[in-house]
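**Q** This is the structure, below, for whatever I ask next.
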């Protein structure tokens, strides 16, 4: 039957389409303003949309009207912006106060965006033993003597600690630094020049357009038209072209709206007919008798509420999992009233199927293309994986469902995060042996994924579930990627959770297995410290747990990092094992991904730590400074002794828990 499109509906469609067009383009005409800082291209932030500037150059304004820029995993205060010379003055917040109180880190900026002004120079701070008289020296109360050089030389007794930028005039003719004024100089910041393509931006201004960037990688400058309804500078030909284009666009939109309206009505009728005529039967390529409540989906229908996932319903070889109706999952979850928490791209609810199985049902936040792709991605990855430490996917809803839902086994004991620093931590804290088992099982699951060519990309303690026996179930594969075996990396925009993202992936947009290794290093640090990966209530140098851990280990202060309630202070055996795990975490958290261990090696190291009852555990690391954590029983960090890695079997697995997870 033909249904004419009502005039009110057509007006709404056209209005909604055209109403927002001038708003988006006009946002690029807005300036970022904060205190005494005013900026335009290539920056964005505030009233300027992200597409109006370089994706990495977001300016932020705090309550004190101070402007900041977060780039290369470091925060910088923006003291001055010169749009004429395309330069700006930056200062590190951690250098604005007492020099000796900071956690030493290098000043790093992406060279494709910034270059240090010729008026400034990078100087290196050293630890020298003994102190060399030909270098400027400065003594910090806790750290001890620090030597500074504007022109570093090869001193066998000196080890570089970190680098910072100072004016060239600060370096004397004798190539030494006037260290007495070091703090005041660092507070004034340093100047950098922008390397982004400014000529392309000038070309935009010639055509009365605004500068912006596309969302592809590598980023390219794009000219975006201004919105100016009163602009009379257009030629008659240009105006005629615009008029013709507008009329053509209007005609296309009218036809498209008419087509969509008719199609939606037909789909609604087809869906109603299908739901009434289909019998209740089993649908599972693995077990045809396990759940009598599932629904057989008709493969003869050619219509789809979501065409991008239409083959989920009529291709059992695509899903390989059971297909549930929306109504039975709505009933199982008591109308989605028993919320368990967030699950990456959806909310997770507790439910009980008619056959008695307890399940966790993930409900998509929204039906955007990105969410649908994550929905499909999780099914595609989990359907073919079997491992005792990976969560089991029972099934999903069909294309005729009102909403997209995923159905998993229910893991009753919460997340690892809840047990380490959440609402379960105080009631029954995890003992050290349990934490070590959790580390081994998580590493085993990741090693299995890497063997299968899969990068998880979002390993964190909230995605590590625990059953009643504290056996690990790694979950949430919405961001996971299949990794081609013949490639060294995948170029993709960084995704993941702050505090867990590999800094090299963040800076270079290159993803590989070692990105998971870095995230796992953060998890190891949480296991030994019971601290959150990111905690803004900590000292500003310790907000990021990974940075805090590396600093504490490098400065022989592991006792300030670990959870003393685990027996670190009074049990020598626990102390040695915790130090060995800390050493392994230190290797995983290295900035250079090439020096991080592979997951199969990590599994063997952790098993060696668990099985060692009397020997001191030593962990090797190539070309990393040898640091000892003080004390007679301390183990030297990162020495050259480690069991040789072996290739894990893909079809035989051992678990540190005696009992499998109960459903």
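Here the Cβ of each residue, glycine as well, is placed from N, Cα and C on the backbone.
Taken from Swiss-Prot, the feature compositional bias 'Low complexity' covers 290-304. Feature annotation from Swiss-Prot assigns compositional bias 'Polar residues' to 653-663. If you look up Swiss-Prot, you'll see 36, 64, 106, 137, 208 marked as N-linked glycosylation site. Swiss-Prot lists 282-304, 637-663 with the feature region 'Disordered'. The feature topological domain 'Cytoplasmic' is assigned by Swiss-Prot to 263-663. The transmembrane segment annotation in Swiss-Prot covers 242-262.
Tell me about the surroundings of these features in the structure.
**A** In this chain, none of the residues that are 6 or more apart from residue 36 (N-linked glycosylation site) has a CB less than 8 Å from its CB. Under the three-state DSSP scheme, residue 36 (N-linked glycosylation site) falls in the coil class.
Over all protein chains present, the Cβ of residue 64 (N-linked glycosylation site) has 7 other Cβ atoms lying within 10 Å.
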**Q** Starting from the Cβ of residue 106 (N-linked glycosylation site), draw a 10 Å sphere and report how many other Cβ atoms land inside it.
**A** 15
**Q** So what's the mean pLDDT when you look at the topological domain 'Cytoplasmic' (263-663)?
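**A** Overall, the topological domain 'Cytoplasmic' (263-663) comes to a mean pLDDT of 74.
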**Q** To the nearest Å, how far is the Cα of residue 106 (N-linked glycosylation site) from the Cα of residue 64 (N-linked glycosylation site)?
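**A** Distance between the two Cα atoms comes out at 27 Å.
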